[in-house]
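What follows is a set of notes on a single structure, which appears directly below.
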Amino acid sequence: MPSSIFILLILVMFSCCYCQQQDDHLLIRSIEKLPVHTEVINLRRLLFPNNISDIKTIDFSLAKRDEFPYMYFLINHSSQGILTIRKEIDRDELCRLRHCRCDTWCDLELEIIVDREGFNIELITIRIIDRNDHKPVFLKNQINLTIVENAPIGAMIKLEAAVDHDQGPNSIIGYSLISSKSLPFSLLYNLIRGDLSLVVEQVLDRELISSYKFDIIARDGDNQTGILHVLVTIDDINDSPPKFEQLIYVLNNISESISIDSIISRVHAIDDDDGVNGEINYYLISQDNCFHVDAVTGDIHVRCLLDYETQTIHRLEIEARDRGEGYKTDFCTVLIHVLDENDNAPIIDIYSHDIQTDMNSLTIFLNESLPINSLILSLSIIDRDSDDNARVTWKLDPLSLIPFELIRLTESTGELRTKTLLDYEHISQYNLTLEAHDHGRPFSKSTHLNVYIIILDENDNIPTFQENNMTATITEHVKLISQDGYEIFHLHALDYDHGLNGEVVYSIINNENNVFRIDSNTGIIRALIEFDKKQQDKYILQVKAQDKGQPSLSSQGTITFTVISQNEYSPECDINNNNNNNISWSILENSEYGTIIGMLSCRDDDKDLPNGEISVYPQWFPEGKIDDQNKYMIPFEIMTTKSNITESTLLIIISVNGSVDREMFSFYALTLVISDHGNPSRSTNISIEIEILDENDHCPQLNIESSFIMINRDVTQSYFLINLVAFDLDIGSNGNITFELSPETSPLFTNLYPNGTLIVETDSYLITDDSLVLLHVQIRDHGQPMPCLIVETLRLFIGTNRTNWVTVAKKHNYDDRSLSLPTEGFQQGKRMAHAYSISSSSRSSPIFQFSSSISLLSARKQILLVFIGSSIIMFIVVLTMVLCFIDCVHKAAKEKKHNLAMTKANSISNNSSTPLTNTKHNFNSLSTEKKTFYKDSSSTNHYKSLIPTTKTKPITKISSSTSYSSSSIDSTTRANTAHNRAITNTFTYVALNTSDDFMPVDFDDNINSNVDDKRFELMMTTV
């Protein structure tokens, strides 16, 4: 033993010192697993062998420290250059980590920095010599093998070879069999591939020997061994292998859209053996994760989504293996041809420079000066499918009425070019859709691409005046209040360009005397002097409008100012009060169309025509107390007409032109700006407040949630109290509400006060438990001349703590029709209303939790009735609107046809009117004979008799030619209401339209006239 240790030390020293010179570096051999601090080589002796004693100052160091392979080495005594082991080196571990090539040599290269009057790098190679530190090892100590008795001579059973991590001669060099008996086997070992097989050398006979037990010894070059215990069992004969019905299975038209776990086919093999030897299992031996073979049935399952575009053919290798001892196998091939489905939509690729893309849309910016036939974009369309599924049809929508043209280069490529000139001012943006769809079956797929083409503006429009030669007037002797002068003209030029290209700057060309000044941005021209008509009565200005584009464009025009007399007077209106131009008028709500609220007479005393002309500018709710939407719902119309007295007098008439509802607006504020046409102009403001008087047009409404009231006599032992609340949208006496019970149906133990307090005497002997009591509550207002009354039905369920409220409700079988109030002689406005909740002082009682379930059935019935009633009402409203429209068209045509005949028959001198709304009106100022007419109740528009009757309704109209400020709320208009009130006054009538065909030659008011067939028609209006 000591001798072996001594020999090992000698080898280590020899290996450490042994080196040889390579072509460009030094090679040093060292054994693996040397102890730490073991010297590998003396670098000073290695690099400077001849003059080692002469060199005094020299240092050695490693180029790196902690990186591979420097981590294994250390230089002790840098001046001596002793290279030692820093970390134990395991050559086999380096081989496993592939840090060195173990099939040849395991070399580690080091760079040594030599500091000798300058730095120098020397490259040395450390070759790690393998040490036989591993012995052969089998992965298992014992294995059991089975072989059939009819195994032929030469049959091989592959075994797992032993493992030895050493290399070269230290590794495994051979195997041997060890047994106490003769064996019919031999070992076959391939040192290059590392294969180990057990070979049958003799015929086996299970009846003689059923098993063999032996050892396999693996030996390396240093005679170290590893042992494997082997038990070979001889099985009975399985001499028929499985046979597939087909060697190659071809599966065509397997759709790529087939679902996962679908069965596409089945393979089948036959084995002539019986029992276990004839049972077959199937295995997929090819690496294809998209398919799986059922081991028992041979069914081929799909395990992934197939994709024709990725792989068109799948090749499967399937093994059939019987279950006998020493199984036999057969193999077959399955070729799966995937059928293309239309699972890919066309793809549109766009090629352009100035674009912005976003998902399925792109934006292109084009200058409007782009020439014709300019390329906008190029496109290509592809479809990853095949055949008809990949054949694509594409189009651009819309293709007409756009300045672009789609040019097809091939079936899948094209260009978009301009076919006409672009114009930003005409159309600034085009929204196009490029649609591509394939011809797949059964359904095609399509792709849409929205193309937004934005036209960029260029300065291609010249600012233009509405008129190149303009005229205006200037009032003389206007005093200058400030040095900025006063406004006399507003110049305006139109430029259709956008941005700076459309911004206009104004200037005066011939302003030598500085008489005028113009605001360059707004175009407002101001006068800087006081004009005198005697000195100069005309001024001609040359003006210029220029935009801010690059390059700039401009145009010129001429303004001729004529000096006229001074605008001395402001418009004045005749107002019968001294409230500083404030007027208060009132009108009853629901007044008829055409009812006149009031009139104003305004004039201007200036003699010159521009200064004396008047215009009216109305403004409703000038303080902004109404939103913009309701401004279009003003139910009034303002009209102007010239007076017959003087040309300078203007009549302003305000009449009803819509539905007047006090509950919507109780008053209307109006400001009339009366302005003349002087330069500068003068104006007068008239403030008018129109008060809407209330009419009893609303009935009381009971604010109740449920008509069912459940009273528990154990909780309320003496009195049950509930406060009924109702509301009426009217005001005053029209909205004053009182309550009372119907005397015909109210029991003695209930009492209802006028203020709505209902008291039920729950301890009354007249009440029986589990009973239903109906109360009919009459709710009326105190409107004049006729109040409105409604009736509400309340249902009182009276019981105790023992009462089942649901059973009580079913027992009485409540229903709205069966519980309705019997017919009574109520006045106008009577109605029956049934609600479904209640507000009670005892609402907190737990008995009310059943109210919603009790009323569910009745609520459904009422919803159905409301739906049917609403449908009928809508049909009647639509039919009425159609008939009214036809009637209006007929009357308008007749009025236009007989306008001249009306003038001759009544000797009326009509003046043209200027309405401020869309409705046409004619107003006439003359005195006529006082008469009273009653319209016939028949369906035709004629008058049989002029005798007042009680069955006809008077057409009340007023005409006046002497007053210019009036109110329609007087003793005459109050007589005409929505409730057919009696007429007690006499009115003056004016005929607006008649016909010569219906005008008798000898007109007679005699009531005994025998001429019945000659009838006439008068269209009357009230002033």
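Cβ atoms are placed via backbone N, Cα and C, with glycine included.
According to TrEMBL, the feature signal peptide maps to 1-19.
Taken from TrEMBL, the feature domain 'Cadherin' applies to 58-138 (among others).
Residues or ranges marked as domain 'Cadherin' by TrEMBL: 139-244 (among others).
The domain 'Cadherin' annotation in TrEMBL covers 254-348 (among others).
Restricting the average to the domain 'Cadherin' (358-465) gives a pLDDT of 87. Marked as domain 'Cadherin' by TrEMBL: 358-465 (among others).
Residues annotated as domain 'Cadherin' in TrEMBL: 466-573 (among others). According to DSSP, the secondary structure content of the domain 'Cadherin' (466-573) in residues is 4 helix, 49 strand, 55 coil.
Sequence annotations record features per position, and here TrEMBL assigns domain 'Cadherin' to 579-702 (among others).
Feature annotation from TrEMBL assigns transmembrane segment to 863-886.
Helix, strand and coil residue tallies for the domain 'Cadherin' (254-348), in that order: 4 helix, 43 strand, 48 coil [DSSP].
Each residue of the domain 'Cadherin' (139-244) gets a DSSP state, and the totals for helix, strand and coil are 3 helix, 54 strand, 49 coil.
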